[in-house]
Structure formats: structure tokens, C-alpha cells
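Per TrEMBL, [4Fe-4S] cluster 1 binding site is recorded for Cys18, Cys54, Cys88. Residues or ranges marked as [4Fe-4S] cluster 2 binding site in TrEMBL: Cys163, Cys167, Cys170. Marked as coiled coil by TrEMBL: 359-386. Annotation comment: TrEMBL describes 9-125 as domain 'MTTase N-terminal'. TrEMBL lists 149-379 with the feature domain 'Radical SAM core'. The domain 'TRAM' feature in TrEMBL is assigned to 382-443.
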Amino acid sequence: MSDLKPEPKKLFIKTYGCQMNVYDSERMAETLGGQGYVETSSPDDADMILLNTCHIREKAAEKVYSELGRYKGLKAEKPDLKIGVAGCVAQAEGQEIMRRQPLVDLVVGPQSYHRLPEMEAKTREGAKALDTDFPEEDKFERLKSRPKAARGPTAFLTVQEGCDKFCAFCVVPYTRGAEVSRPAVQVLDEARDLVDRGVREITLLGQNVNAYHGAGEGGDWSLARLVRGLSKIDGLARIRYTTSHPNDMTDDLIAAHGECDKLMPYLHLPVQAGSDKILKRMNRAHTAESYLKLIDRLREVRPDLHLSGDFIVGFPEETEEDFQATLDLIRAARYGTAFSFKYSTRPGTPAAERDQVAEDVKSDRLQRLQALINQQQRELQDAMVGREVSVLFEKEGRLPGQMVGKSEYLHAVHVAEANVARGEIARVRIVDSAANSLAGVLN
Ligand code: SAH
Ligand code: SF4
Ligand code: F3S
């Protein structure tokens, strides 16, 4: 980097997909900051537009092309505008994106975005830039310096990337590559830096975050050890992690849920389906029973644990009976939140080759599953009324004097006339439960 400050240029980033993309977008904005870019909230005044994309379902991928189409006019008006595609569609489709949409100047995969500055320079010379490598060098080492700007009270921190599980429906092992963990010291340093800048809650991220095994003092660190290490950081009040796989929920990590005060009682633990036949065909390598036992063990050490999950309905060869087994599992597990999707055929994955379930059957099952989840979610939420929770306040509410924050269970909590600052944690008594949030009063 030279000492001469280049002209400020404007960067518009649009993020799709999971929290890891949110984190990556922050890091891409920071690295392009070194090239003189500042972020803008509108594509209209941007010098560079970057779409950070998701490939998980067909609709997600198609959205990217329709969004790109919308920028045609802008590019015609402003020939210097550079348009880039990052993330999982970039990784999966590479050059094909430029062929399908010639206005794209740059395509960068999730493992090579530390090379964005060089790539951006290349596009400024009028060339196209493509990089979807899985490079040898450590992306995070190259990205090391984050600007010292103040931050809000919560932050994401990617500790693990990629996946070796190869669920039969999923593109992630292909778009994000093999499972890799960041060294523990790198994570601890980044966490301390975030806390110095005002962060009070960190969510550790990974496509398979509980498979974390980063190099650390005395050998590889597990996620449990990392959580314990992070909880020693003064000023850091809350730790969460997502997304976990049931097969990587080790004894030590379960124990940490009972012992570590800073680890919040909320766990996203996707199971996908409740029929053992389907789980096997999905290559999940666990059964419905082993999953339910795991939840029992977690609730033994943390009885108030709020559970969250992901479900796929209409996986190839799923019968009504298989689907009923999923509903049974949901009833037994009691979810505080759950995300559900119709199976989407992803070319190149094993399940794409199998007998598909009709679209109307998928829609019907999704509706029934979501009705059950909504009912369960509402019951658990309503049961919070009268209880006391701790709230980390994140922002002002819409009403004067109102503040909004999150409980330890990740419920949004609104507090009227709250004389608290952003980033403060206070005890709140819940007095009402609405569709998607709770209302409380300071205790
Ligand atoms: N690594 C995480 C999340 C993967 S993607 C995990 O293993 O849980 C998030 C969710 O998208 C998955 O849990 C799954 O429910 C859903 N998903 C993945 N591939 C899908 C597909 N082909 N069709 C529909 N939903 C899918
Ligand atoms: Fe995809 Fe399965 Fe890996 Fe999750 S565990 S990212 S669903 S392959
Ligand atoms: Fe989507 Fe890639 Fe995340 S496919 S869900 S953005 S890992």
C-alpha cells in the first residue's frame, strides 16, 4: 500500500445467504478500503458493485442473475462502474457468470477474496479478473489488519470454513471446499480487537463450526476449548456459535454449555429430517433417536436451552410416512426457532440424480411443517411472559425512549422508557409476547 491516498471511490456490497457471507462482506469492504473505497448504501452512486452470493438453493442462485440484469442501465451510464460477483455462486459457476452476463468484470470465490485489491486493479486496466482458487496461503493472515473503527455491540467471527460432511443435497462442500480451522491465537486476537472496539457479543461462525480444531497452545484446540479461552476476555459478555452438526457435538462441548456462563443458552443444531431412511439417504450419519438423545444431554446440563434447527421437506423418495416422522421429531425436540425449506435440486450433488418428489407435495408438506413450528415457537415464546431475562441492547426502537436488544435466547426484546445505552446488558422482566418479539420492563 502506498502512503498517497487514492481518490475515494464508492463500494456497494449486497449480501445473500448465510452469516458467513455477512462476515466475508465486512472483510471484503475492509480490504477494498485499502484501495480507497468507502461503502455506500445505494448502487446508484457506486464505482464498484459487489454481489456476495449464495448457491444453496436454485432460487438463491437465480436471484443473482436477475440482480445483475438490473445494473445494465447503470453500467451504460457509467462505463467506469465495475461489477463483481463473490461468494458461493462465484465459486460454483466461475467463468460461466461472465459468459452469461458480460457486464461482470470480476468473479472471486470465498477462499480468494484477500486477492481483491490486485483483481480490482486489473479491472481498472480494462481487463476481466477471475479467481476461484483454493489458495495455499492463509487468507486471514493476508487480511490481518482491520481498521480500528468503532463497532456495534455484536459481531460475527469466522473460525472455521468448509465442510467434509457431503450431505447428499448440499453444495457447500463444493463451494466452500474442505474443512479448515483458523489458528486459535488468530481467533483470540481478532476477538480482543473486536472487544476493544465495543463488541460485547461474538458469534463464532463456521459451516461446521463445532468441527473446529484450530492449532493452539499445547496442540489442536476444540471449539469447547476455544469458547473457554474466549470467555477469559474481559469485556466480552456473550459467546454464541453457529452452525453445528449433531455428529460434532462432543462431550466437552456439551459440558461447556453447563459450565461456561458466557456461552448463551441457544443452539442451532440442524437435523434436516426425522425419518432414519431419509437421514441415511441424506448421508447425515446420525439417526432421529441419536439426535433426540443428544438434545436430552444438552438439556440435562442446560435445562433452559433454546433449540433451533433446519429442515428439508420433499427430499427425493420422502413418503408421507417419512414426513410424519419429521413432524414427530419436531414435537419431541421442541424448537424455539426453526428454518425450513423445500428440497431444491442442486446439479452435481448425489440427490439430484434420484426420484424427485412432486412440487405440490413439497409445498403442502412445507406448509404443514411450518404450521407446527410456528405453533411451537409461539408457545415457547409466550411462556417467557413473567420471566426475567438478560438483554443486550443493540439499538433504539421506533418509539421515543424505546430500546431493542436480544435476550440470551436470541428473542428480540423491546423495552419502553429504557434508560440504557447501546451495548449495555440489563435484567428485564418480560410482560408481553407479540408475533416476533417480546416486550419487557427493566428490573
Ligand atoms: N452447514 C450448515 C448449514 C448448511 S446450509 C449445516 O450443516 O447445518 C443451511 C441449510 O440449508 C441446511 O441446514 C439445509 O436445511 C438447507 N439446505 C441445504 N441444501 C439444500 C437444498 N439442496 N435444498 C433445500 N435446502 C437445503
Ligand atoms: Fe451442507 Fe451437510 Fe456440510 Fe451442512 S454438514 S454444510 S448441510 S454438507
Ligand atoms: Fe449460501 Fe454459501 Fe452460505 S451456499 S448458505 S452462502 S456457505
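Note: Cβ is positioned from N, Cα and C throughout, glycine not excepted.
When the binding-site residues Cys163, Cys167, Cys170 are checked against ligand 3, none has a Cβ within less than 6 Å of one of its atoms. Cys167 ([4Fe-4S] cluster 2 binding site) has a Cβ environment of 21 other Cβ atoms inside 10 Å. Note on the binding-site residues Cys18, Cys88, Cys163, Cys170: the fewest other CB atoms within 10 A surround the CB of Cys18. Cα spacing between Cys88 ([4Fe-4S] cluster 1 binding site) and Cys170 ([4Fe-4S] cluster 2 binding site): 12 Å, rounded to the nearest whole number. The Cβ of Cys54 ([4Fe-4S] cluster 1 binding site) has 22 neighbouring Cβ atoms from other residues within 10 Å, across all protein chains displayed. Proximity of the binding-site residues Cys88, Cys163, Cys170 to ligand 2, judged by a Cβ distance under 6 angstroms to any of its atoms, singles out Cys163, Cys170 in sequence order. Listed in sequence order, the residues Tyr16, Gly17, Met20, Asn21, Thr53, His55, Ile56, Ala60, Gly87, Val172, Thr175 complete the 8 Å Cβ shell around the [4Fe-4S] cluster 1 site centroid, once Cys18, Cys54, Cys88 themselves are left out. When secondary structure is read from DSSP and collapsed to three states, Cys54 ([4Fe-4S] cluster 1 binding site) falls in the coil class. Residues in the domain 'MTTase N-terminal' (9-125) partition by DSSP class (helix H, G, I; strand E, B; coil) as 62 helix, 24 strand, 31 coil.
The two recorded residues Cys163 ([4Fe-4S] cluster 2 binding site) and Cys18 ([4Fe-4S] cluster 1 binding site) have their Cα atoms spaced 14 Å from each other.
For the recorded [4Fe-4S] cluster 2 site, residues Cys163, Cys167, Cys170 set the reference point as the centre of their Cβ atoms, and the other residues of that chain within 8 Å of it by Cβ are Lys165, Phe166, Phe169, Val171, Val172, Pro173, Gln207. Checking the binding-site residues Cys54, Cys88, Cys167, Cys170 against ligand 1 with a 6 Å cutoff on the Cβ atom leaves Cys170, in sequence order.
Counting only the Cα atoms, the space from Cys54 ([4Fe-4S] cluster 1 binding site) to Cys170 ([4Fe-4S] cluster 2 binding site) is about 12 angstrom.
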